[in-house]
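S.K.: My questions will all concern the structure given below.
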Amino acid sequence: MNSLLMITACFVLIGTVWAKDGYLVDAKGCKKNCYKLGKNDYCNRECRMKHRGGSYGYCYGFGCYCEGLSDSTPTWPLPNKTCSGK
């Protein structure tokens with residue numbers, strides 16, 4: 001019984017450690033812009049939206065960077081898509 005509990009705990013930790021990080025993108029494939037570097041309420045709110053599943057967001061390099069995103073959330077750079085809307 002203890003072994004099963006330990007294995008389950010390991011899977012939970014692995015899922016947490018392997019969460020996706022990256023810059024959020026807009027509809028054109030560009031990074032979501034931000035101007036207040038560091039702790040940023042806008043980025044944190046955008047990252048933590050339910051459909052994105054992020055755990056924390058902040059402004060880094062004038063783009064919203066998120067930690068703990070779900071695998072289905074697209075992050076910059078998008079393959080085969082430039083930041084021009086084409």
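The first residue you see is number 1, and the count goes up from there.
Note that Cβ sites are derived from N, Cα and C of the backbone, with glycine treated the same way.
According to Swiss-Prot, the protein carries these features:
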- 1-19: signal peptide (SIGNAL)
- 20-84: domain 'LCN-type CS-alpha/beta' (DOMAIN)
- Cys30-Cys83: disulfide bond (DISULFID)
- Cys34-Cys59: disulfide bond (DISULFID)
- Cys43-Cys64: disulfide bond (DISULFID)
- Cys47-Cys66: disulfide bond (DISULFID)
- Ser84: serine amide (MOD_RES)
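Context for these features, please: burial, neighbours, distances.
M.R.: In the domain 'LCN-type CS-alpha/beta' (20-84), helix, strand and coil residues by DSSP number 7 helix, 24 strand, 34 coil.
Within 10 Å of the C-beta of Cys83 (disulfide bond) we count 14 further C-beta atoms, all protein chains included.
The Cβ neighbour count for Cys34 (disulfide bond), using a 10 Å radius over every protein chain in view, is 22.
A simple way to gauge crowding: the CB of Cys66 (disulfide bond) has 28 other CB atoms within 10 angstroms, across all the protein chains here.
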S.K.: Given the disulfide-bonded residues Cys30, Cys47, Cys83, which lie within 10 A of Cys64 (disulfide bond) by CA-CA distance?
M.R.: Cys47
S.K.: Across all protein chains in the structure, which of the disulfide-bonded residues Cys30, Cys64 has the highest Cβ count within 10 Å?
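M.R.: Selected residue: Cys64.
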S.K.: Taking only the residues in the domain 'LCN-type CS-alpha/beta' (20-84), give me the average pLDDT of this model.
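M.R.: Here the mean pLDDT over the domain 'LCN-type CS-alpha/beta' (20-84) amounts to 92.
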